[in-house]
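A short write-up of the structure that comes next.
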């Protein structure tokens, strides 16, 4: 069908692409990449469900929401009044603070000079000494002021975005120089002196101990009347609280190690880093300043340098670079297809392959969006473009090699046979490779991270869709190219190119490129068909040990020590650029070097615990869409109004206080909710006038009745209202009907927040175990309680640490299952999986050595490593499985020669694409390039050396390891001889003895047998190497005959016809039979005669003629063109069968003609046959089969050769011819027995009159057809 209808197939595929593309793009919303980090959170894990539920509770808590903190539906006017008062109170808080600052401004020169204190919302620059010394010196401080003026304030847009004071001027920056100048009344930071710096250091040294022990706080700054209200400020010296400069310098501008308790006693403390706050808010407004003045690397002078910054531009800059750096992946993809065009030697085929890749991606997007109904398309899915291009390129290289092989083996068979022969191997390979690769990608769906799940679905679907295109689109493209494009290529005559200089230049360039291409072709042929097979087989012991050691080392590094480093920051500060980028250095290094950042986000804060009842920790949202977080699920069994519930909650308070992990903080909420309620009830005196006081007062004893408890709880909540936003984090929750729905209790622990996974894991396991034990003894209404804390980073770390290897192992396991189901060979499946696993382990081990963090992008690469390692190994596996030989070494050589060139080309193209992506600024692109280079090269090495070396030792022979089914009779049958057609070897120590089986006489039926005329070697061995001694007798077809056009380059058909004419005309002169070196044989039917004489020029030229014919397999049509005169003579003799006068030939010329014919017959033997059950005659019509038999030695009638026989008579005596084909027996008999057999053969030649049908395939013997003498009067027609 593909051969007959290539254009309709291409049209249908193209129409399918267009329809799916339009449907995918026009239906529904387009992908949104505004937040590339969306979907990196783990979903549906134990911790993830709790965090998601708590996130939904926070968003649902509040006035007129699903979970109000007090029952607002009850008809009580004071509820709304209370809320309005509380709202007014919250709104008035900033105003009070502002008025307080104005009061301070009148007394504090620092606050009068600056526009308030520095804040995290302002842009920040980090300075470091250029000389690796301390920044606390005059030159460094003035250098910071100078750089700020040159890089920031000189920019035209700074005056538009800066904060302004009452004089409408830009506020000064919060820097060391400005603070010192204010303290000592200098006009600017450039006017300060060394004395000012010294006195400031003395002041900071005396106040630093109070600051580090927590006594010096903003509450202590100001008039003494204000300080007296806070007990911790009493012991702070007045000079430290007189001005806010001391606190702000220690808290914001100097690193936390400067004047720390460990360095306070140093005579000259070292200031490593200093922070400068710009009077401009963080955000997109700073983009122009950054791009123009801060993006360059010249951010230094002789004293200081800007090494980090936080301008609030990380997300915006990421989008900016994301667009600019897209050129690198595009160039990488172009490199893949340009390499493909050089390999295929056709831009048309390359273009069509590119269309198939784009079409596969768009159809996969259509299925992903409209069939699978997945609305979230993460940014990481775009990586599929590069991965699918590499997979498609590898398959295209294999198809191209198989297509050329089919054309060479069956040059006269026609397009239909080429397609059949190619697709016989390629279909099987594509099914196994793509199904295994797709299954490996689908295996990553087990991950809990949304982006990885979406990527696994999209990538796996793309591979399967591309498989369909490779099985239809690619062969149809090749048929179209061969039929309509390649045959229409016109070549201008030589005079046309010599007409002017430009044409001569292009002609010279074309010739040089052709020479280079020929050189590369010969080099690759030598490397991949000679050196590589012999090198793999000879050194198989070394390869197995070496790659096994690499795999073991990679496993140790990746799984035991040091392993992949877990992320040390939340997703909000995830690494987007290379570590040397100032934004990344601020987040990774400097963020926690300053106290204001360290106290809020860094390590050292006590971990809170939130106990929650009434809401189930369920994540019922869409796990493939991070925008859909689900809804809250209430616990219908929750209740706290029973007496047992009240007692248990009160006991829980006392138990928590007695735990070693409990930390009491008077400024933080307490877990003792029931104790607070009981204290509130006891504090209320009963009143006869107020019914509420009569119900909720101290006349009732604990525990309280259910109705009374619920009524008084609501009353207490209304009275207390809520102070600030913290009231949203703990306490009771009501539903829209005013019923108590949930209870949230919170307390502090002795554990500190840490980026270390082990410390946080200890904290989580300890608290989880404690709560589990307590919940067991809880009343039924409180047994569904759970807890959460600041665990978002720990959730990501835990997910990555446990799921990366799990998903990788599952992908490898599912690859083994698919391989087993497609090959039905256990051994090959195990060896393939071992090679794939080794590739992944070594790759991950190298990533560890490169100090990669195991973040979401890195985990995506690791999960994709299995899918990218499959194709090379599977290609070798299928080639080995389909090899027509039964012995291991021949199969290994066969698969290496057939697949290694395409494999190496696929790896090299991906390596070049990875190199192109290295200069990218966006870290994801850069890491993708590194990963692609590593995984492709490593998987190529494991597939070519490790897998093949294992097969050399333990590879299945014949049908070994094959799963047998009831239909086992359809399995491939191999000869019983353990070395059919010879065994691959790179040494000459093995002697191969051949004896034919003597036929049994049968008077009733004519008996015919196949007798080997050629060597006892497989085609894999024939081309294995010419650089080593294969055996003591050379092969029948030397590799030097193939694809060589060095000698007699312009020898044409006229020269061949001339040789044929000379052979016909010459009738005298007898010569001893001298073998052509390319045609020497160890056949038992003639004695081997190895001549050491030098070849004559005419013999070399004659050999080149054979070489020039290497593009066509021997067939009758070729013989027609070469032996024109001889065929005419034969035709005349056939027309006169009664004329018995033989045609006389010169022995020398006859030998030449034999060499020509034998060359044409055997020229295809250097290529790997896909089906050993066919001969060179099987693909030619019947009219040419008999005519082609003239290529046999007896047609040449060499009198003195052992092949001299009379022509056989096949037609005219009977309508049908029955052949009894017998296998050749390869046993090592004694030399005397062989001699007797040879004598027997030669003695019967004159009577049997054999007709030799030469076989072009090296693994098949030539056919000798023998008849009795009474049936030899006719001729072949």
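For all residues, glycine too, the Cβ spot is worked out from N, Cα and C.
These numbers come from a predicted model, not from an experiment.
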Residues flagged as transmembrane segment in TrEMBL, choosing from 522-540, 541-559, 560-578: 541-559
Which range of 321-342, 475-496, 497-518, 585-606 is transmembrane segment, per TrEMBL: 321-342
Stated TrEMBL location of transmembrane segment, expressed as one of 455-474, 615-634, 635-654: 455-474
Given ranges 380-403, 668-691, 692-715, the stretch to which TrEMBL attaches the annotation transmembrane segment: 380-403
Rounded mean pLDDT for the residues that make up the domain 'SSD' (331-480): 92
Candidates 380-403, 541-559, 827-849, 902-925; stretch with most C-beta pairs under 8 Å toward the transmembrane segment (423-443): 380-403
CB contact flag for the transmembrane segment (321-342) and the transmembrane segment (541-559), at least three pairs under 8 A: no
Long-range neighbours of the transmembrane segment (541-559), counting only residues six or more past its ends (CB under 8 A): 805, 837-838, 841-849, 941-942, 945-946, 948-950, 953
Counts by DSSP class (helix H/G/I, strand E/B, coil) across the domain 'SSD' (331-480): 133 helix, 1 strand, 16 coil
Stretch of maximal Cβ-Cβ contact with the transmembrane segment (455-474) [cut-off: under 8 Å; candidates 6-28, 348-368, 827-849, 902-925]: 348-368
Segment proximity, the transmembrane segment (380-403) to the transmembrane segment (902-925), 3 or more C-beta pairs under 8 Å: yes
Of 6-28, 827-849, 861-882, whichever stretch has the most CB pairs under 8 A to the transmembrane segment (380-403): 861-882
